[in-house]
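Chemist: The structure under discussion is supplied below as structure tokens; questions concerning it will follow.
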């Protein structure tokens, strides 16, 4: 009854107005799954490859080749298979592509089909996606890591770090955590406006003010937390995504906004000082993606008390993650479905992390759609943390709203991760 009888790929637009792939999978019993694929701005060199068309159309960013792969080769390969055989379906598509980074058919094509298959199978089983993927143990609502000030590749301002996040760790529920975040976000808007800064938002819905350095941004956030009536460190923790690969040049970290250059050890010490001066509990990509020595130094320096998340470092890839585990580098992995390109490999990455005592953070991309799959996957994997942007833009709100629905549906079984995500 769950045999795949039709697959339809199409080109739609993401939150930046760029093309992306959407896929519908239809089963023999009439069940259907639909998935839209996200896209990143600051992409790691080791990520699976999005297939783009090139040429003049959409300034080279069209995805008709990927759509053609969905409707052609991929449908021919998995048509007739049972949708609940997710691992077999994903493996078939990966082998059909035949490259180590999915560059022939495109990770955007393979992922679209992979996620749509899972959604169709969940529909056939009469289950929500989080329950279908995670089983009866899926019950933990993640702490949102809310990116309320944007910099780096996500904004047109001098701030070198890409994201400044608030984590409502002291909230009793996910729903309340979202409320706390919203109140701080709107308080920050007023503080920035009163200080003469613009309150335009970046790709992920956070503000992109013309601030010179990380401490200045952090001070604005700390003041906004207190003004909104919350206690920094106790109720609201802070997180950073440095996206350090973006400003790593010739072996050094070049801060254009601060007009400073730091070598890897100085970079690690700078991050350690920020973590000591502010209630920062999580730092993502504090060092560049191939600066393994710098990563090791940072991990030895503050890894016992601070979550150190590898995004560009690990790119949701179990092989790179295992390298990091073996070397004692970082202690957490950022999980982005389109970095690796299939649901099976995504779940493998989370499982590998958890088995090694590493945390996992489910994440959006800067180019998103109304698709809320990652909200379900965060609950399905009980990973306890999610990055899905700020408290504006409907492409970000779609994920928060889905989490609110899931928490309501779980009722008394629901547990908000809260302070359990904090190390040390």
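Cβ coordinates are placed from backbone N, Cα and C, and glycine is handled just like the others.
Below are the features listed in Swiss-Prot for this protein:
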{"type": "ACT_SITE", "residues": "204", "note": "active site, proton donor"}
{"type": "ACT_SITE", "residues": "336", "note": "active site, proton acceptor"}
{"type": "BINDING", "residues": "162, 336, 365, 366, 387", "note": "(2R)-2-phosphoglycerate binding site"}
{"type": "BINDING", "residues": "241, 284, 311", "note": "Mg(2+) binding site"}
Chemist: C-alpha of residue 365 ((2R)-2-phosphoglycerate binding site) to C-alpha of residue 336 (active site, proton acceptor): distance in Å?
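Modeler: Residue 365 ((2R)-2-phosphoglycerate binding site) and residue 336 (active site, proton acceptor) have their Cα atoms 7 Å apart.
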Chemist: Taking each of 241, 311, 336 in turn, which of these recorded positions have a Cα lying within 10 angstroms of the Cα of residue 162 ((2R)-2-phosphoglycerate binding site)?
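Modeler: Within 10 Å Cα-Cα: 241.
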Chemist: Under DSSP, is residue 365 ((2R)-2-phosphoglycerate binding site) helix, strand or coil?
Modeler: coil
Chemist: Within 10 Å of the residue listed as 'active site, proton acceptor', Cα to Cα, which of the recorded positions 204, 241, 284, 311 are there?
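Modeler: So the list is 311.
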Chemist: How long is the line from the C-alpha of the residue listed as 'active site, proton donor' to the C-alpha of residue 241 (Mg(2+) binding site), rounded to the nearest angstrom?
Modeler: 13
Chemist: What's the CA to CA span in angstrom from residue 241 (Mg(2+) binding site) over to residue 387 ((2R)-2-phosphoglycerate binding site)?
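Modeler: Here the two Cα atoms lie 11 Å apart.
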Chemist: Taking only the residues the record lists as binding (2R)-2-phosphoglycerate, namely 162, 336, 365, 366, 387, what is the largest Cα to Cα distance between any two of them, in Å to the nearest whole number?
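Modeler: Pairwise Cα check on 162, 336, 365, 366, 387 gives a maximum of 17 Å.
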Chemist: Within 10 angstroms of the C-beta of residue 241 (Mg(2+) binding site), what count of other C-beta atoms is obtained when all protein chains are considered?
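Modeler: Here the count is 28.
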